[in-house]
Amino acid sequence: MYRNSVLLGLSSKWWAVILDDVSVKHAAECLENVARRKLRVCVATCNRADYSKLAPIMFGLKSQPELFELEVVVLGSHLIDDYGNTFRMIEQDEFDIGTKLHTIVRGEDEAAMVESVGLALVKLPDMLQRLAPDVLIVHGDRFDALALATAAALMNIRILHLEGGEVSGTIDDSIRHAISKLAHYHAVCTRSAERHLIAMCEDHSRILLAGCPSYDKLLSAHKRDDYADIIKAWLGDSVKEQDYIVALQHPVTTDIKNSIKIYELMLDALMSFNKKTLILFPNIDAGSKELVRVLRRKGVEQHPNFRAVKHVPFDQFIQLVAHAGCMVGNSSCGVREAGAFGTPVINLGTRQTGRETGENVLHVRDADTQNKIYHALELQFGKRYPCSKIYGDGNAVPRILKFLQSIDMSEPLQKTFCFPTVWECISQDIDHILEMQSALAVDLGGTNLRVAIVSMKGKLVKKYTQPNPKTFEERIEVILSMCKQAIADAVHQNCRVLGVGVSTGGRVNPKEGVVLDSTKLIREWAGVNVRTPVSSALHLPVWVDNDGNCAALAEKKFGHGKGMENFVTVITGTGIGGGIIQHGELIHGSTFCAAELGHIMVALEGPECSCGSHGCIEAFASGLALQREAKRLHDEDLLLVEGMSVSNKEQVNAADLIHAAHLGNSKAEAVLHTAGTALGVGIVNILHTVNPSLVVLSGILAKHYEGPVCQVIRQRALSSARDIRVVTSDLEEPALLGAASMVLDYATRRTY
């Protein structure tokens, strides 16, 4: 009967439709019905905190019955009397609770949390199978939510995760990110959270920057006229606006002992501060039982200044936070919702360390004394700050509902991850394990070109030296020849070469491997791409950087800078250079000329520098500057003293000047004093600019300058910078070791 037939792959609830020439209209109607089918959305809420974020979405879903079929599941601490039986507020909001699951194993310790997850996983499959939702919405970072996401993912149910991608600084981070990896769709609050999810390889097209759903309610609700009545109901008739404190402190499950200590100190500080305080019981995490014991042992529930409660309805809690003189504790409400009102907040401990916060939040991360917390209360209480909208603009729910409508139920359920491009992994065969991971290091000096095989521990296995050619083509040819010889020798040394690091004078763009400007000592070396020809010929990754930066990297990996977050290396050789390490990273600058330390001006007038200016450190303290002064003294017959001789055929150099000074030549001593003072003044400028923890003097002149530099620092530095250590490098080959460290630090990483 049907001449032309097409099979439509629709949902399993729809029969395939067979079409012919006269049934197109009927098929279109069928497709329209499929498109109009309600999306069955299951919202699972575990506690009072997540309900405040989920409730606005639930109201939005309920208001559009033609588009959505809402199923409400309640579990976790909602159903526990000690935590206020908060499921009743869901019923008061006139939601039909389809399922109640008792999933909490009491004990309030780590084992109880694990057992609660296991109990939830036992009970959830039956519920999910019965409801058969199209989408499950879960919120945040609670262990209950992890159980929900795990069960739904294994049962092929699509998951929308709210507030993923955020960082707080506790075990919550691990749980939150685990839920994000299980979820198919994400609704995030901030641009930073969105970037974190993208970095975690989540599909950008499935991430919605919505804002926090609770902001949809609180940005308008805190303007209610009855806020004074709410304050009186919870704190008494005599309490006025901005004359009370809201306190809410939860345990940090990775450091319960310290959580208890901070909780005690907080209560002591609040008692001493003598202001009316509304204190909420902590959540059900491991350690909460101990916090409640502390609260009761100190008699907080009977104290005239305290009102201790298990739960406050969210719409009233908003009013209490909005009009408080201060909020104290470690609840996410303090760093999120309170900012919308400009309420002063004191965040105690590390539970919210990674959160984005407004200027209303004062952190007391190391809350180890009552006095610190009391002082913070003195600073914050009664202040008002500008309202912050970091976490939302009041339009999250419409965005989330529109996002739900856009979900294509016919697309594959299997998640895809967007991995960044990475280097080909090195296979972990037995040869790789037995071989010594090594780097080829190349150092281009003004006179010589050196190559070395450098081991992971900084040992120079073998070194090669040749004169540095005068032309670009010859130089690249010699570099490749020496590197190929070193690679061949590495096999016999049982070394696996991971890459090539190149140290060179001049200004370098390390991202592109290009020498932008060269020193006068190396000709035909400006505007040249070093990485491409070397990498193409050797089939190895290549890193290139300035010799001063390489010296700093060498100290960071093998020398005095190992384990240091902030330090400066100053090279004292033919010229003056160096590198700056800040927060564990090398500073290159916007145009790759950071740490040109030799060209810090220390005198408005002074000798001419190789850069064309006058009065630079290099013009006073470099090897070339000392050689210039030695030649001047020699020409004036003022250099040689008893015990010295210089052949007419020999070039007078810096070593002769130093030798003369050691033998008592006052003129030579004056030159070295001026040089040391110039270098010291420059280093004082560095201390006042970047405030490092350590200064490392490197190069052949370093040992001669350490004493004078320390003396200038004692005389001229600010008192806060005078105790910064100055040491002489112990590394014999900083340029080669720094070049090798670029390879060894990056090529051996297993995460990118």
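From the backbone N, Cα and C atoms, a Cβ is placed for every residue, glycine too.
What TrEMBL says about this one:
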{"type": "ACT_SITE", "residues": "Asp547", "note": "active site"}
{"type": "BINDING", "residues": "His599, Cys609, Cys611, Cys616", "note": "Zn(2+) binding site"}
{"type": "DOMAIN", "residues": "67-404", "note": "domain 'UDP-N-acetylglucosamine 2-epimerase'"}
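Separating the Cα atoms of Cys611 (Zn(2+) binding site) and Asp547 (active site) is a whole-number distance of 17 Å. Ranking the binding-site residues Cys609, Cys611, Cys616 by the number of CB atoms within 10 A of their own CB puts Cys616 at the top. One way to see the shell of the Zn(2+) site is to take the Cβ centroid of His599, Cys609, Cys611, Cys616; the remaining same-chain residues with a Cβ within 8 Å of it are Gly598, Met601, Ser610, Gly612, Ser613, Ile617, Glu618, Ala619.
Note: Asp547 (active site) has non-local neighbours Asp443, Ser503, Thr504, Gly505, Ile571, Gly577, Ala735, Gly738, i.e. same-chain residues 6+ apart with C-beta under 8 A of its own C-beta. Taken together, the residues in the domain 'UDP-N-acetylglucosamine 2-epimerase' (67-404) have a mean pLDDT of 91 on the 0 to 100 scale.
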